[in-house]
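J.: Straight out of TrEMBL:
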DOMAIN    30-442  domain 'Cation/H+ exchanger transmembrane'
TRANSMEM  20-42  transmembrane segment
TRANSMEM  54-71  transmembrane segment
TRANSMEM  83-100  transmembrane segment
TRANSMEM  112-135  transmembrane segment
TRANSMEM  217-239  transmembrane segment
TRANSMEM  273-291  transmembrane segment
TRANSMEM  303-321  transmembrane segment
TRANSMEM  341-365  transmembrane segment
TRANSMEM  385-405  transmembrane segment
TRANSMEM  417-437  transmembrane segment
């Protein structure tokens with residue numbers, strides 16, 4: 001048995017032959033199955049979710065392998081950011097876009113974009129400034145300005161995976177929509193901003209560098225979104241025009257999956273944001289392409305994409321848990337225990353302040369802009385839940401940290417090694433502690449029955465509000481025989497509603513445009 005475990009350790013370390021590689025794959029697959037079984041058994045537990053389960057199991061398995069090998073090899077699993085960004089992250093983000101409830105997402109679109117874009121900039125500024133000011137006070141420093149800015153993006157990236165496993169979409173639809181949407185946009189913004197910061201030349205900083213970073217960010221954001229939409233529309237048109245289902249439903253499913261992955265890789269090839277591209281590709285595919293395939297393909301795609309996402313999520317936390325036992329980076333770090341605790345405290349403090357600095361003000365501003373017409377404002381309790389749920393950090397933070405402070409997962413710089421170990425500590429603490437407390441917090445702040453009733457009010461298609469059923473005379477072809485008085489009154493009412501509820505009014509215009517021009521070309525049922 002010991003020899004078998006040692007073979008697994010050697011294989012994972014990358015020094016064994018083909019037989020050892022097979023052993024390591026078998027071990028990892030068996031551990032994945034164990035995570036699934038444990039997650040099923042703990043399904044009803046309000047304190048533990050599948051992310052926490054996989055993280056703990058990863059640590060336990062890593063510790064067992066490390067002990068059996070008698071410390072001969074400390075590289076249990078080396079975290080590879082390329083593996084994460086190229087193979088693991090795409091199915092998670094695509095499924096998020098493919099399964100999203102589009103009406104609720106776009107109903108809260110402006111608030112989500114404010115959280116995910118402006119919020120990240122605010123958080124990065126506070127985290128970077130806080131670390132720059134407080135790190136020397138705890139006996140840690142020797143970081144460049146770019147490193148401090150990179151730390152801002154690393155610790156401003158929320159953990160979309162863990163958050164979505166904690167919040168129930170059916171019980172709290174609007175809350176889920178806000179946290180989900182912010183999580184995806186937040187990750188995309190953090191990655192794009194991180195890449196922009198890495199390209200900064202600190203010796204040539206001028207007054208216009210901030211404007212250049214913002215312009216580059218807006219360019220990447222817009223082009224990535226356009227690319228994702230274009231790939232989704234291309235897939236929908238091909239499926240509708242060629243009707244693959246008459247010969248094989250397998251080709252339909254394969255084409256959707258491959259086109260989704262192609263959109264991500266094409267964005268990476270063009271140095272755009274693959275996260276944004278594949279997310280909007282998923283939304284467009286679910287809106288158009290999904291309706292152009294056979295019924296069996298619709299069921300298959302829903303389950304296949306959800307399954308791949310689920311396995312990838314479990315793989316990430318298991319991977320992170322085992323990688324935490326890589327002793328080399330812990331030995332390389334020369335920071336004392338007191339300094340390590342100080343660094344952790346500083347990072348946690350600036351994370352809490354950075355998130356609070358935008359969640360509460362943007363929520364208040366969103367409520368003010370919505371006016372009295374909105375029946376579901378973001379209450380203070382909702383704001384607290386959004387603030388808390390976004391405090392968890394995950395694999396994106398670790399991947400960005402490894403990208404900035406290591407070379408192929410290895411670093412010999414004690415300062416950089418300290419940053420890596422501190423990032424791992426923050427990820428573990430926020431995932432375990434905040435993950436344990438998030439579900440009880442939501443239950444205490446928003447009782448399930450009340451949450452399901454209050455948060456879905458005004459968002460369902462069956463709303464009784466007369467303003468939800470108004471029609472726009474600007475788009476009507478009917479002539480009013482009673483004269484221009486009634487038409488003028490209707491026009492005034494429509495303009496008033498446009499100013500009062502712009503998101504809802506734009507949705508009406510878009511639905512009519514979609515029915516008249518888009519769906520006849522790209523597919524999908526007409527709205528009624």
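Glycine residues also receive a Cβ, built from the backbone N, Cα and C atoms like all the rest.
Have a look at these and tell me how they're positioned relative to everything else.
T.: Same-chain residues lying 6 or more positions outside the transmembrane segment (112-135) and placing a CB less than 8 Å from one of its CB atoms are 105, 141, 143, 148-149, 151-153, 155-156, 177-178, 181-186, 188-190, 193, 221, 343, 346-347, 349-351, 353-355, 357-359, 362, 365-366, 386.
Beyond its flanks by at least six residues, the transmembrane segment (217-239) meets 117, 188-189, 192-193, 196, 252, 255-256, 259-260, 262-263, 266-267, 270, 272-274, 276-285, 287-289, 292-293, 521-524 of its own chain at Cβ-Cβ distances under 8 Å.
Long-range neighbours of the transmembrane segment (303-321) within the same chain, counting only residues 6 or more positions beyond its ends whose Cβ lies under 8 Å from a Cβ of the stretch, are 28, 31-32, 35-36, 39, 50-52, 54-59, 61-62, 77, 79, 84, 88-89, 91-92, 94-96, 98-99, 161-162, 165, 253, 257, 394-395, 398, 424, 427, 431.
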J.: For the transmembrane segment (83-100), give me same-chain residues lying six or more residues beyond its boundaries with a C-beta closer than 8 angstroms to one of its C-beta atoms, as numbers and ranges.
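T.: Cβ under 8 Å, 6 or more out: 160-161, 164, 180, 184, 187, 260-261, 264-265, 268, 274-275, 278-283, 285-286, 290, 301-302, 305-306, 308-309, 312-313, 315-316, 319, 395-396, 399.
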J.: Using Cβ distances below 8 Å and needing 3 or more such pairs, separated by at least 6 in sequence, tell me whether the transmembrane segment (54-71) contacts the transmembrane segment (273-291).
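T.: Checked: the transmembrane segment (54-71) vs the transmembrane segment (273-291), no contact.
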